[in-house]
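To start, the structure itself, in structure tokens.
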Protein chains: 2
Amino acid sequence: MPNLTRESVAAWDANDPLAPFRGRFAIADEKLLYLDGNSLGRLPAATPDFLAKVVTEEWGAGLVRSWSSWVDLAGRLGDLLGTRLLGAAEGEVVLSDSTTVNLYKLASAALAASDSRRRTILYDATDFPTDRYVVQGLVAERGLTARSVDPSELPGALGDDVALVVLSLVNYRTAELHDMARVNTMAREAGARVLWDLSHAAGAVDVQLAASGAELAVGCTYKHLNAGPGAPAFLYVRRDLQSALRQPIWGWFGQQDQFAMGPDYDPVDGIERFLVGTPPILSLAAVQPALEICAEAGIDGIRRKSVRQCELIIELADRWLAPYGISVASPRDQERRGGHVSLRGPETWQLSQALVEAGVICDFRTPDVLRVAPAPLYTRFTDVFDAMERLRTILEQGDHLRFPAERGRVT
Amino acid sequence: MPNLTRESVAAWDANDPLAPFRGRFAIADEKLLYLDGNSLGRLPAATPDFLAKVVTEEWGAGLVRSWSSWVDLAGRLGDLLGTRLLGAAEGEVVLSDSTTVNLYKLASAALAASDSRRRTILYDATDFPTDRYVVQGLVAERGLTARSVDPSELPGALGDDVALVVLSLVNYRTAELHDMARVNTMAREAGARVLWDLSHAAGAVDVQLAASGAELAVGCTYKHLNAGPGAPAFLYVRRDLQSALRQPIWGWFGQQDQFAMGPDYDPVDGIERFLVGTPPILSLAAVQPALEICAEAGIDGIRRKSVRQCELIIELADRWLAPYGISVASPRDQERRGGHVSLRGPETWQLSQALVEAGVICDFRTPDVLRVAPAPLYTRFTDVFDAMERLRTILEQGDHLRFPAERGRVT
């Protein structure tokens, strides 16, 4: 990138085929540079009216009669997400519960179905905390063993004691993107299953569940998919495995002929057997307009722009921030990097606070990581450029040193 | 009720202190008689604007910064619900997940903490199906025994093999209201714990968790509490038991100093240790305006009116419907009856369909029960009278016989 000026970057925006999608989001403050879509995606412009209609017409006027359309909403949205954005077939993805509850359900189901001599779960201790907490809970409950493993050392770690590998496709802290097909093959050959957490991947990278031979996955919809704070999570179980697996929380939304209210639990054959209780319809409904935007833009175009924006961040970090001791903590190879770039340095907590004051929202992750996430659907190349320039100015002027080094709560 | 005419009933409405609360709900169709608030409560008039503000201002404009107020929303709403409507202390109730997931969490926690020689769960097979499915799942997973018991036979059934009793305070089908204090005392004396399902009780009857000695409870907020379709459920754990109990799904919302993202799960000491993953904020936010109405009206007044409305249903059923073979399937003693009245008869499925055509929504529960639920906050005495009169007319004219006897899906 030889001639890297604001003007040259503005020209990229002018030629960006995704540029019109920014208008599909409700941007309350045009001056705010929001590079935190990997924590909470922006509000789609269509969502308020869509949701108001669900509230007023479906709940308010339709009342209980609206359950005829709500009852399979989780499956319809799962199909939209699965087939358009995750490379799955129809009937393999469903919206349900939280990511954590889904991790628990699918990990339990996989463990229950595995050879009882396999008593070890491999996980990556650098993954998002809830993933390791779920694993620790299962281990405590069932007298199993958990072993943290660096994914690069997986072949050696996959002994014949391993039942399950729990791994994030994109690491939340470093943005490292794993080779899904390779890990799936290694695990299969070693007789273990892999449960993927796609929370930081869905809507950001081209997840190819079927083509990579994935068997099990979960993930959230409120980051790159823009479905709203705490929006219902999803789960994926490859079709041919569904009837062989049983999740442990038996509830009426997984029951055959649910409204017959039969005496004994007898789960449906399809993906809905992994459902549990009545879903939160308002939060679930908001998933629809969000997914529709991503599906319309297409994951290929999203990923292409994301790669370029992340390269811009890396290039500017090298030029402008490296002299201040800020280094790029994400892989430089785009094939190994997800949808954000992590910067590491001694005063990143204070930097994140100074950035907020300067009208830039990134996010800090303990102990020393600043995550910069350019969501391609609503972030311009000039937004990235301007945010990096403000970061440089803060460092130049030492503005961030006015903030206490002590960390507060960050989400 | 000697002089029971529409005029006399209209006079009750004129003197009803809760009558103004009907204006606090969005009534889209004034002609519709909605007697199904025990399945899905009506939309509070304040909810659309309240939710629109959460969507547009908190999510849209506030973005990730709004987590500072969302992060403890489940606890704040839990306190409002617990202290104003369930007779609990602060820090004993929290909103979380679905009723089914909460049943699983608390039942698991109670079983894990009980004497390992106690391997039996007692449950009521006539309770809502999801309750027995959860019990069946736990039994299958842990090699326990489950035994269905009629609550009236509890003293004899509480042997020294019993770890846990799972029971609904109000039976969804018959509206039978159990004596919570008595059951709690019997169980305590027998060395067992009771896990109450308050789904059909919360917001309808005066639940006295503390005064009755209750230890564990769960319930939903979308019936008599009017929080919206599939709104987040709640759970209650008596304060002194909290630190002794551990639920099995370890997630980051139960973790001490959550945003430190520590390596090992170490749950908080309070009620939040029973939380799991990120809550669905839009559905959760809608709980607030709904609870505020109930708290303002007061559970005493709600219950008083509910009893009187149920007595009116019973009286009219005896006069008008008994000749057609319709009988009252709910207890006649108000002390033993919850917030609805169940009618039983040979053609109740067809009756429920004919009622819809006549502008009355009640609900049918397999195999032969028609539930009539007068939610006191928005149902007038004349609504009850008119609905019962339409039911009589249908029976007189045999209108319902035009509908097929085969049952479709009902929620």
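Note that Cβ sites are derived from N, Cα and C of the backbone, with glycine treated the same way.
According to DSSP, A:D197 (pyridoxal 5'-phosphate binding site) sits within a strand segment. Listed in sequence order, A:T99, A:L103, A:D127, A:F128, A:D131, A:V166, A:L167, A:S168, A:L169, A:A217, A:V218, A:G219 are the same-chain residues at least 6 apart in sequence whose CB falls under 8 Å from the CB of A:D197 (pyridoxal 5'-phosphate binding site). Under the heading pyridoxal 5'-phosphate binding site, TrEMBL lists A:T99, A:T100, A:F128, A:P129, A:T130, A:D131, A:D197, A:H200, A:Y222, A:W252, A:T278.
Residues or ranges marked as N6-(pyridoxal phosphate)lysine in TrEMBL: A:K223. Sequence-distant neighbours of A:K223 (N6-(pyridoxal phosphate)lysine) (same chain, 6+ apart, CB under 8 A from its CB) are A:G37, A:N38, A:S39, A:L40, A:G41, A:S199, A:H200, A:A202, A:G203, A:A204. The DSSP secondary structure for A:K223 (N6-(pyridoxal phosphate)lysine) is coil.
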Residue with minimal Cβ packing [other Cβ atoms within 10 Å] among the binding-site residues A:T99, A:T130, A:T278: A:T278
Proximal but sequence-remote residues of the same chain as A:Y222 (pyridoxal 5'-phosphate binding site) (Cβ under 8 Å, at least 6 apart): A:L40, A:G41, A:G228, A:P229, A:G230, A:A231
Diameter of the pyridoxal 5'-phosphate binding set by C-alpha atoms, the set being A:T99, A:T100, A:F128, A:P129, A:T130, A:D131, A:D197, A:H200, A:Y222, A:W252, A:T278, in angstrom: 30
Assigned element (helix, strand, coil) containing A:T99 (pyridoxal 5'-phosphate binding site), judged by DSSP: helix
A:F128 (pyridoxal 5'-phosphate binding site): tally of other CB atoms within 10 A of its CB: 21
